[in-house]
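Asker: From TrEMBL, here are the annotated features:
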| type | residues | note |
| --- | --- | --- |
| DOMAIN | A:16-116 | domain 'Fumarylacetoacetase N-terminal' |
| DOMAIN | A:124-419 | domain 'Fumarylacetoacetase-like C-terminal' |
| BINDING | A:ASP124, A:GLU199, A:GLU201 | Ca(2+) binding site |
| BINDING | A:TYR126, A:GLN240, A:THR351 | substrate binding site |
| ACT_SITE | A:HIS131 | active site, proton acceptor |
| BINDING | A:ASP233, A:LYS253, A:THR257 | Mg(2+) binding site |
Number of protein chains: 2
Amino acid sequence: MSGPPPILNQAPFTLENLPYGVISSSQNSTPHCATAIGIHAIDLCKYAETREFNFDSVKDGQLVANALKQSTLNEFAALPAKLRQQLRSKIQDDLRQGMVPIKCLVPLSDVKMHLPMKTGGYSDFYTSLEHCQNCSGEMTSSKTFNIPKNWFYAPSVYNSRVSSVVPTPTDIRRPKGVYFKDGMDGTPEYGPSQKLDFELEMGYFISKPVPYGERMPIASAKEHIFGFVLLNDWSARDHQLFEMRPLGPFHSKGFGTSISNWIVPMEALEPYSCSPKNVQDPPPFEHLTWPGKADGALDIKLSIKLVRNGKTHELSKSNLKYLYWTPYQQLTHHAGAGCGMETGDLIGTGTISGSGTDSQGRKTELGCLYEAERTKTDVVPLENAKYNGYLEDGDEIVLEGWCEDAEGKVVLGFGECRGKILPAN
Amino acid sequence: MSGPPPILNQAPFTLENLPYGVISSSQNSTPHCATAIGIHAIDLCKYAETREFNFDSVKDGQLVANALKQSTLNEFAALPAKLRQQLRSKIQDDLRQGMVPIKCLVPLSDVKMHLPMKTGGYSDFYTSLEHCQNCSGEMTSSKTFNIPKNWFYAPSVYNSRVSSVVPTPTDIRRPKGVYFKDGMDGTPEYGPSQKLDFELEMGYFISKPVPYGERMPIASAKEHIFGFVLLNDWSARDHQLFEMRPLGPFHSKGFGTSISNWIVPMEALEPYSCSPKNVQDPPPFEHLTWPGKADGALDIKLSIKLVRNGKTHELSKSNLKYLYWTPYQQLTHHAGAGCGMETGDLIGTGTISGSGTDSQGRKTELGCLYEAERTKTDVVPLENAKYNGYLEDGDEIVLEGWCEDAEGKVVLGFGECRGKILPAN
């Protein structure tokens, strides 16, 4: 397993990327909007004050400039896509021509990252077929089926906890909760999780809202997505097994969700549109059927690393296109009952697993450790771990993601999604 | 079944109540903080500008005055309880002495009500034993137990959808979604819910936050509750049956949750502390055990009315003290995994059902229509309803709540929680 090329660690932030984030620095301790290029952030607040935005109209330029002066990206993301595209083109032109004023540049090493958006709702999906095949059974407490029938007719999803979404590299405290000591319906005990896990996901933020009480057609789903981040849905598997019946996950997910800090915009990801890996059988309902050509997925390569005792281990790899239900299908389903979607809402794709194996037939695309336990896959170096192959205090999990061109050259990356486990208190 | 006394419809807002809300009116169209007395609202923004707040210090008075100038109650609710109590005492004194300036009074008939708080998280519990006994089985798709074992060891709860919380009397659109046409795992179809239901609940708003990563002892749970409202957790039972496995309710609850508009503060409800109706067996974990005397519940009487074709029918009654897990236990559990609780967060108690029957042995304390279907109880006048005893387009549901003194005299009320069903679009 190779993981991302080394260059990614240096410069995931290329001219083709220009992700959006919220930074502060020693020069300006107030959180403000930024983009990133190479080893620098560009302070977009200063940039808007310095450069003239001659867009279609003076008013358009002022709208963009005002949005970039806010402390979150919400106002900017809510602008029409055309205006955001015009800003992106201007920054690209200015970079190519050396016209970005030096006073707008901040070394990334001097930057503190904040949550990029104010989020009103955070929902998390469960839409990877391989993940479900590897997990099903125990959590649903049924021996009569592997994956419930409903899963194949609509993307499965739950509301998660907004207040527990944290930026990289926030430490994650091992949570206390109730678990069955001796397996399902055994003796209930209250204490620190003994089966602490990660989940490899991506997340996407909403740009254009869907008003409460309304739906949207799948053909316009892209317009409602501002961009993507990496997302680690930390999970306490013993607490989860206890609480799943009948209302689904709560505490077992609500103690922390880490995201990478830079939102890679849809404009940067469009060139990586592709067919989903899986053919949907049964075919989806009409309102969930992607129109036109087979480009409803995104080809984004993913990897998981574990840092334990100072040593880095590559655990697994995956790809966003492996999802059975694509992000556009997810979003269309989500908005479908009229719940309302607001700018800044965060959607987790659900764990993204694949079916890949190595030369010894060992699974190499597992999206979490629970899958390793359930499928009896040794995930080196966890075989000797104290917690039955789960995370130990002090462990760090690092998710990475990137897009490659047709020749396999990395064009852009997401930066890291990173978090370290603190002992229970 | 008697329902609330008629006086409540005129004046639930007594001197002992003084609930908090956010209003606008023909005089002032900007949402602003208010309280209510009799048939009037008191504009608390004007009140703070007009009256001197001579609290413990000038600074304290300014803190309160500034908080009352905001467009939501969040800043006020986040103040120390002592300051909120001092404002309450001052308003009571001023009302007794005729010192509330007339320019601060607005007829309630001229008032438009808004959501009282900006809410970051909305969670909903499932903690009434009678409700669970009446419902269990189908939703959990198990024939081997009625209520899962975990239910008795920790209050069962899920994250719900903040963007769908609406004030009284917002209309509720019948949602579209996927359901099994021929019962569990039958033919999936996409369409308007055929089993639209209400749920009688109360909700409480968080005052003092619990920081992310921290817990709180149950003894201080009261300090974190600003006050209570009535809450109707509208539910699409056919969509719910489809989507429950394994992640719990989502669309079936996320199309609308109605609340009453005035938050009755904890200070007004403290005199109605009482023992819970149920003795908990097994006894709760130590961290969920209410300390000291048996006053961990609240005696709040509740009723449900249906308005159909212009005629009002009393459907059911209940009491907040019937809950198996009290609000203080709920909140302690909720905060227990470190998810963080913010000022303005809304917690639903879950459906509140009782075990009462009438002279013919018919159940009279069902909290929703699904219970009536499951227990084969005719809830007049729904026996002839088009949708198998569920809500029809045009139906209105009205929840009411009130507290009585030892002689059975009504001391305070919550006002209505009301919503009308619109046809699917």
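Cβ atoms here come from the backbone N, Cα and C positions, even for glycine.
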Asker: Starting from the Cβ centroid of A:ASP233, A:LYS253, A:THR257, the recorded Mg(2+) site, name every other residue in that chain with its Cβ within 8 Å, sequence order please.
Answerer: A:ASP124, A:SER160, A:ARG161, A:SER164, A:GLU199, A:LEU231, A:ASN232, A:TRP234, A:SER235, A:GLY254, A:GLY256, A:GLY348
Asker: Measuring CB to CB from A:THR351 (substrate binding site), give everything in the same chain under 8 Å that is also at least six residues away in sequence.
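Answerer: When sequence neighbours closer than 6 are ignored, A:THR351 (substrate binding site) has A:TYR126, A:SER128, A:HIS131, A:GLU199, A:LEU200, A:GLU201, A:ASP233, A:GLY367, A:CYS368 within Cβ distance under 8 Å.
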Asker: May I ask for the distance between A:LYS253 (Mg(2+) binding site) and A:GLN240 (substrate binding site), taken between their Cα atoms and rounded to an integer number of Å?
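Answerer: Distance between the two Cα atoms comes out at 8 Å.
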Asker: Taking each of the recorded positions A:ASP124, A:HIS131, A:GLU199, A:GLN240, A:THR257 in turn and counting other Cβ atoms within 10 Å of its Cβ, which one has the fewest?
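Answerer: Among the recorded positions A:ASP124, A:HIS131, A:GLU199, A:GLN240, A:THR257, the sparsest Cβ neighbourhood within 10 Å belongs to A:GLN240.
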Asker: Just going by other Cβ atoms within 10 Å, which of the binding-site residues A:GLU201, A:ASP233 has the emptiest spot?
Answerer: A:ASP233
Asker: When each of the binding-site residues A:TYR126, A:GLU199, A:GLU201, A:ASP233, A:THR351 is checked against chain B, which show a C-beta distance below 8 angstroms?
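Answerer: Listed binding-site residues passing the 8 Å Cβ cut to B: A:TYR126.
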Asker: Three-state secondary structure of A:THR257 (Mg(2+) binding site) from DSSP?
Answerer: strand
Asker: Quick one: among the binding-site residues A:TYR126, A:LYS253, which has the most Cβ atoms sitting within 10 Å of its own Cβ?
Answerer: A:LYS253
Asker: How long is the line from the C-alpha of A:GLN240 (substrate binding site) to the C-alpha of A:ASP124 (Ca(2+) binding site), rounded to the nearest angstrom?
Answerer: 15
Asker: What is the interatomic distance between the Cα atoms of A:ASP124 (Ca(2+) binding site) and A:THR257 (Mg(2+) binding site), given in whole Å?
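Answerer: Rounded to the nearest whole number, the Cα-Cα distance is 11 Å.
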Asker: Neighbours of the Ca(2+) site A:ASP124, A:GLU199, A:GLU201: Cβ within 8 Å of the Cβ centroid, same chain, sequence order.
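Answerer: After dropping the recorded site residues, what remains is A:PHE125, A:LEU200, A:GLY203, A:LEU231, A:ASN232, A:ASP233, A:THR257, A:GLY348, A:THR349, A:GLY350, A:THR351.
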Asker: Compute all pairwise C-alpha distances among A:TYR126, A:GLN240, A:THR351, the residues listed as binding substrate, and give the largest one in whole angstrom.
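Answerer: Between the most distant Cα atoms of the substrate site, 15 Å.
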Asker: What three-state secondary structure does DSSP assign to A:ASP124 (Ca(2+) binding site)?
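Answerer: Once the DSSP labels are grouped into three classes, A:ASP124 (Ca(2+) binding site) ends up as strand.
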